[in-house]
């Protein structure tokens, strides 16, 4: 379906593109100035950085300027930065990026003080649900990758009555092709429900939604001995041992590509790999919606399929978490075989899952 100025959710996609691009520019600046080294451990011992807070403030401020009645499910709140007295530092970084990207201040608005910054961050407190317009935001998905100077992503999705309608992901360090080590880095990925998935260079300006974007599709033509599987880097986030068994049973011989963040969804959506496995490390763990909403739509709209480990569709209207176990994203050609192999290992309803956790 072709896109025009009257297409459904075209304004939302445009504002999301501009906001994610601006937030991505901020994260690059923070990384270049080594401010990402000033990380703070949250209560769950996961790290959070100056970039996380600045990115969340930028995106939420932009969303609520354009869609003031909408809600936002964000990952962070401002309590930690107030406790550490770094709100002025973060504001100075945001202010610099706003000046650098001033051509879009009329569309995105500006954060004018450290107090305004904290207020914007704290508006990401929606409980989610299956009614109304709710944005799911991960200001830096893959913070550990960000700290290493590796893969991370700024991820934003619009969920309407429980259904993902728009997804935008900025990947500052992702090569334009995983198959070419010398390819340019930095991509902006966009999906609109019913219209497809698109890619453009992250550093190129945007004057109209998708004006310089290229439509992307998953790679459906492949043989098992050539399949590329995507997995996370951190072994605490998914069961690499169980994933190894699944790959062996599928007859996959190629080594996996390990990437942090929703960059895995991006690579899959543009044909750089065919399968993404995320089997739960803990059978009781439930994924956060901000970790998957944008990538879910991106892969589905590029011709792939994303489900839980039993082949059920993901429900983004349940709240701040998914009410399911794990994630399997793949081409439609590969997906049924993966689910069949998983069930043969852990049982039709996961009766043996705990044995592998």
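Yeah, the Cβs are placed from backbone N, Cα and C, and that goes for glycine too.
Annotated Mg(2+) binding in TrEMBL involves 75, 138, 140, 141 plus, out of the candidates 272, 282, 291, the residue 291. For residue 75 (Mg(2+) binding site), other Cβ atoms within 10 Å of its Cβ number 23. Taking a C-beta cut-off of under 8 Å and a sequence gap of six or more, residue 138 (Mg(2+) binding site) has these contacts in its own chain: 75, 153, 154, 155, 156, 262, 288, 290, 291.
With a 10 A radius on its CB, residue 140 (Mg(2+) binding site) counts 32 other CB atoms from all the protein chains. Within the set of binding-site residues (141, 291), the lowest number of other Cβ atoms found within 10 Å of a Cβ is recorded at 291. Listed in chain order, the residues near the Mg(2+) site other than 75, 138, 140, 141, 291 are 137, 139, 142, 143, 153, 155, 261, 262, 288, 290, each with its Cβ within 8 Å of the site Cβ centroid.
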